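> Take a look at the following structure, please.
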Amino acid sequence: MAHSACGFSVALLGALLLGTARLLRGTEASEIALPQRSGVTVSIKLGNPALPVKICYIVMSRQHITELIIRPGERKSFTFSCSNPEKHFVLKIEKNIDCMSGPCPFGEVHLQPSTSELPILNRTFIWDVRAHKSIGLELQFATPRLRQIGPGESCADGVTHSISGHIDATEVRIGTFCSNGTVSRIKMQEGVKMALHLPWFHRRNVSGFSIANRSSIKRLCIIESVFEGEGSATLMSANYPGGFPEDELMTWQFVVPAHLRASVSFLNFNVSNCERKEERVEYYIPGSTTNPEVFRLEDKQPGNMAGNFNLSLQGCDQDAQSPGILRLQFQVLVQRPQDESNKTYMVDLSRERTMSLTIEPRPVKHGRRFVPGCFVCLESRTCSTNVTLTAGSIHKISFLCDDLTRLWVNVEKTLSCLDHRYCYRQSFKLQVPDYILQLPVQLHDFSWKLLVPKDKLSLMLVPGQKLQQHTQERPCNTSFGYHVTSTTPGQDLYFGSFCSGGSIEKIQVKQNSSVTLRAYAPSFQQEVSKQGLIVSYTPYFKEEGIFTVTPDTKNKVYLRSPNWDRGLPALSSVSWNISVPSNQVACLTVLKERSGLACQSGRAFMIIQEQQSRAEEIFSLEEEVLPKPSFHHHSFWVNISNCSPMNGKQLDLLFWVTLTPRTVDLAVVIGAAGGGALLLFALVLIICFVKKKKKVDKGPAVGIYNGNVNTQMPQTQKFPKGRKDNDSHVYAVIEDTMVYGHLLQDSGGSFIQPEVDTYRPFQGPMGDCPPTPPPLFSRTPTAKFTAEELAPSSPPESESEPYTFSHPNKGEIGVRETDIPLLHTQGPVETEE
């Protein structure tokens, strides 16, 4: 208890002492005296436009004021009415230096008055130097040098340098700088304005720069940036992010050790509307035979440069009506030359027409420490952090990078076939070319965009090795995988991510699709040669996709609906063709008990159909409980058809299939064998009885005379009349009904209506067609159909070839109509002879 009281007393005493110190600091008197003809003016003003609740005043001669100005030759004493004046007031010390009427005070610039003579406020020292247009002024900065910052950025220690120049009467901002950078000198012409901002807690008492006299530089300014080792610098054009002055020239000089290499990359730029001349950047590169080298701002900038070089930005004469703005922000990266920079790689895209290859940095976050950049160089000179190689050319590239794992390659290729008559049954292989695998940079994505004629053909993907669908229950752990997406206009349907080592034999997609090979580990280069997708064009089908699955006897096969976590698109249908070996039994299990789907219009169904017996079960996904685990002895279909769901009610289904060996009951086998033996014994008895009865009933043969039989020898007949006088050249038509009419009569004597088949497009052998869902707006309950009672939607088909017979007609057969109407359900039309 005593210890706690003691601690509280110490804390209270510290707070009182701190408050007393702040109170004394605010109430103690300050005195500022400025020498005559010093050119220095001191002003104390309120810093924030919105005054706080408790107003703080400057107290001078018992007067409370909010602004105080001290001019050369004046001495003033004052105090503050509050204990924290640094939160209310700012101090500005401005010195005007006239180099036009007299000599300039060149050399080190001092802080006048010194910081020890000033009250503890946020301070800004301003030096405004005016000179003739023909005189150049140079600001030299001591170590540590300056680092330019962009708009919205701040310095860690709060100390900033703002530098401006003059073009006639117009002030031009050169930039804002912090400490610890590479900028060592800034050369100006026609005067310079330098502002040093010091926070109230900073005890700095030197300016940190000096002014020197130079000859005319014939441009707006020259900024010198010195690199003593590896590092980077970000620099901006004058007035950035505003517009660069019209038709002006600005130069940056870079000092780089000879053993290091420098690369330039433009981070942000805009060009204006030029009437005359052209906006450009010019490089003076040591050893170049074409100095200066001229580039447009849109061009790839030089890289891998050894030693010092200059970069200049040249403006143009802008359009008076619509000038636009010219601005530039760029980065210079200096680093050690890498071994890869001496190697050249050939990328031959001369035979390609629809392929592009991009080398770019991986999205990795770096800390504050310097990280050497990674550049891709074309022809060893034009370097950039990312390069896109287009089709139709041979490209020579090299790398300026200390760690090539920080880069990766993305490739896109379009494969299209627009003539469905030519495309049908055509196939090709999706495989990564060898020249891409030989690059020292790892492949990230290789995307094939597959285009087919609309509503004419569909696509089928057949892998070299069966695929596994990536799920949370069984994730893919391979070095690469495939992402399959249907790219139908207006609807992108993501089928999922697949890897080798599964049970999916083929994937059929209705329309245009995108297949992306994504590499996850460098070892994929050794494994990808074993894999490959064969793409072929197949007859068009209406479902979004069809998966052909042959389950593994050792593992579960997990399958989930497309667009997982986003829901199957409205009014779309997907099927799975699941094969079951003859000696196995498949168990189908759905993960959820209910789908949680709510339809706005239409109905959603899940159909399970046996392919051999055509028996099927139909489940309403909106109203009913999803099917419980079911066993299937033969191959079967699983179909999911979606409705138009309500917002937030999406359709996602996950199910799996397992195989177990088929077992046979011994009692059933014995019973079947016994039944077969009894049946065979009964057949033998029946045959013996029939033969014995025939022998008893058999009598002697009896001859029968038939007087209607012609017993004369056949002779050649002659026509009693001429051809013109008889109808021997007219033939009667014998209908099938007159020959086979007795076969068309039922037990009642009436003729049976002929069976007329309808044309159906060929869809392969039995089992290749997924089940057809009920109409979208029907209210069909769950129905089960057996082999003896087929579903109405599946009419029986005869295995033999169907014949169609016309009905018999009581009228006479016309002699002029000899065609038999094979597909007509009515009798032949009567005609007059």
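Keep in mind that glycine also has a Cβ here, set from the backbone N, Cα and C atoms.
Remember, predicted model here, so these are calculated numbers, not experimental data.
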> Write down the residue from ASN180, ASN477 that Swiss-Prot flags as N-linked glycosylation site.
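Per Swiss-Prot, the residue annotated as N-linked glycosylation site is ASN180.
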> Can you check which of ASN213, ASN342 Swiss-Prot annotates as N-linked glycosylation site?
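Per Swiss-Prot, N-linked glycosylation site applies to ASN342.
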> Taking the Cβ of ASN180 (N-linked glycosylation site) as the centre, count every other Cβ atom within 10 Å, in any protein chain shown.
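ASN180 (N-linked glycosylation site) is surrounded by 12 other Cβ atoms within 10 Å.
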> ASN180 (N-linked glycosylation site): which of the recorded positions ASN122, ASN270, CYS476, CYS499 is the nearest Cα neighbour?
ASN122
> Which residue among the glycosylation sites ASN205, ASN270 has the fewest other Cβ atoms within 10 Å of its Cβ, if you could check?
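If we count Cβ atoms within 10 Å for the glycosylation sites ASN205, ASN270, the smallest count is at ASN205.
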> If one measures from the C-alpha of ASN270 (N-linked glycosylation site) to the C-alpha of ASN386 (N-linked glycosylation site), what distance in angstrom results, rounded to a whole number?
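Between the Cα atoms of ASN270 (N-linked glycosylation site) and ASN386 (N-linked glycosylation site), the distance comes to 20 Å.
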> For ASN122 (N-linked glycosylation site), which DSSP three-state class applies?
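Looking at the DSSP assignment, ASN122 (N-linked glycosylation site) belongs to a strand.
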> Determine the Cβ neighbour count for ASN386 (N-linked glycosylation site): the number of other Cβ atoms within 10 Å of its Cβ.
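Result for ASN386 (N-linked glycosylation site): 15 neighbouring Cβ atoms inside 10 Å.
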> Write out the long-range same-chain contacts of ASN122 (N-linked glycosylation site), meaning residues 6 or more apart in sequence whose Cβ is under 8 Å from its Cβ.
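Listed in sequence order: GLY47, GLU86, VAL90, LEU91, HIS197, LEU198, PRO199, TRP200.
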